């Protein structure tokens, strides 16, 4: 199996399990297995940086917004943390930072337990809580303001004085152990299904569409950082910022502590690990941050995490259970994934009943049989893997796992390309399983974004043989849709309206919706920007394709193969006949100068005549690089009303400042 193929499979697996974990709150793997897969992906990408794509799980923070909530945009991305699993990895983290800082090594850390809950953002304007949101995918989250207002420890109005006019507080909503146990006891008495663990209970409670239900749940909150700060200043120490937040009525974890060396950090980790079971809440490690805010800003961020913080995870927890069966699932690209069906076992705070077996090679490596007693590990405390077989306990009636030769859904022959570990069904949309996944992808938020056409609706449409190709979706009428479960006339008409609305799209979205292997959002955008038209992409040669940013040999081959397939050409023609269209992309006139080419600019404050995202896009068209913070590298700060601390910092650094009127004049 080639490196590229290994990466491709890892991305598919990580994206699938991230969706199960972050969106459906129904993980199939222990954290340990997910972390292992992510570490493998990060290791390969570290050794082969040319293979890193914008759509890699390493470049994003997992989790999409649910359809039931309105969405919010995070002004400053809410990133996740990189993980360490040993003292050596912690020491490497410190070395990486000091190598970047050179002149001033890190000498003070702020440490706190890593709570196992749901990350949220609280926005206070003039001391009033005006908005609360989930982390979502890091840039877009769910608006859960009404639910958060029911959490009694979160102040609706800040106490004291001195808080900024706009202050974003970030933290973790969680359910204490005692509250979780009481909640499950009540559920059992009512004959209801109990929650598997406090994290799922917290997430499920916070994402209730009815805030009255949330109000009955024993939720709590600890602040762990700040985001937007405008119209005021905070302390320059991370720990002292906690003290400030506490003085304003925001709860902080009592175990938070400053450590003056890595030796003290290690001692703190061991102490928390020792006292873990005695704590009032579930944790899966400790978070270590550089305490000096100036050093944090100097160190900056990578794509998915800050360079100045790391989560030191606790060791994996293991349990014995029995492998009852193996199911073979079919993914969007035809990849066959064997899923172990386990005797449910409580390990690391989660009841585990499924685990991935990856592929035939992994099954052979483990030598696992149906009926075997196996060791399940949850590394990092949340996602499961079978690490070994207890052969001494193998029953006499155990059965060897027989890998299928035909697709378990459509019956087509399975193929395994030499050098690949993955077995695939090559039937494409003829295969019902692939058809379902392809259609789900086609209508997803980042593709054609068809509101109301969720996974369950798509599955019904395929099961009832109402659609075969994406173009068939646009032939559906409200009357036809009403035969589906839970689809009344109004909902059916809303779906038809959403489908009609989705016909007006963009070339990047359309390319992404086609589900070409390895072509994520960024690659689709790069292809569109390079070739301008779909026709040009369809006839592009291998040599032309690899000239596109982020397109290497493997992606180029996938694109060529996709457009060489007659069936795919037919699907595209049918979609265009159904009215799918997009605006023309105009080639950049290189004779027209870009006045902001190479300039680093920042937008801050309230704009009255422009929307912030429109202003950002317009500035980028003029060649500017738009960033979220002011530094010595900033060339221009565009300041709206109540610009706050960014304006003060720009003036201190001598950065050019323009108001909204000057911004509009420049854009015109």
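Any Cβ shown, glycine's included, is placed from N, Cα and C.
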Checklist entry - Looking at Swiss-Prot, which one out of 4, 161, 172, 343 binds NAD(+) in the same site as 31, 32, 33, 34, 35, 80, 81, 112, 135, 289, 313? => result 172
Checklist entry - Quick one: largest C-alpha distance among 31, 32, 33, 34, 35, 80, 81, 112, 135, 172, 289, 313, binding NAD(+) per the record, in angstrom? => result 25
Next on the checklist: Counting by DSSP secondary structure, give me helix, strand and coil numbers for the domain 'BRCT' (591-668).
Outcome noted: 27 helix, 17 strand, 34 coil
Checklist outcome for this item: Least crowded of the binding-site residues 407, 425, counting other Cβ atoms within 10 Å of each Cβ, is 407
Next on the checklist: Using the CB centroid of 407, 410, 425, 431 as the Zn(2+) site centre, which other residues of the same chain sit with their CB within 8 A?
Outcome noted: 330, 334, 406, 408, 409, 411, 412, 414, 426, 427, 430, 432, 433, 434
Checklist outcome for this item: Looking only at the binding-site residues 35, 81, 289, residue 431 (Zn(2+) binding site) has its closest CA neighbour at 35
Next on the checklist: Going by a 10 angstroms cut-off between Cβ atoms, which of the recorded positions 114, 135, 289 has the sparsest surroundings?
Outcome noted: 289
Checklist entry - Looking only at the domain 'BRCT' (591-668), what is the mean pLDDT? => result 80
Checklist entry - If H, G and I count as helix, E and B as strand, and all else as coil, what does DSSP give for residue 410 (Zn(2+) binding site)? => result coil
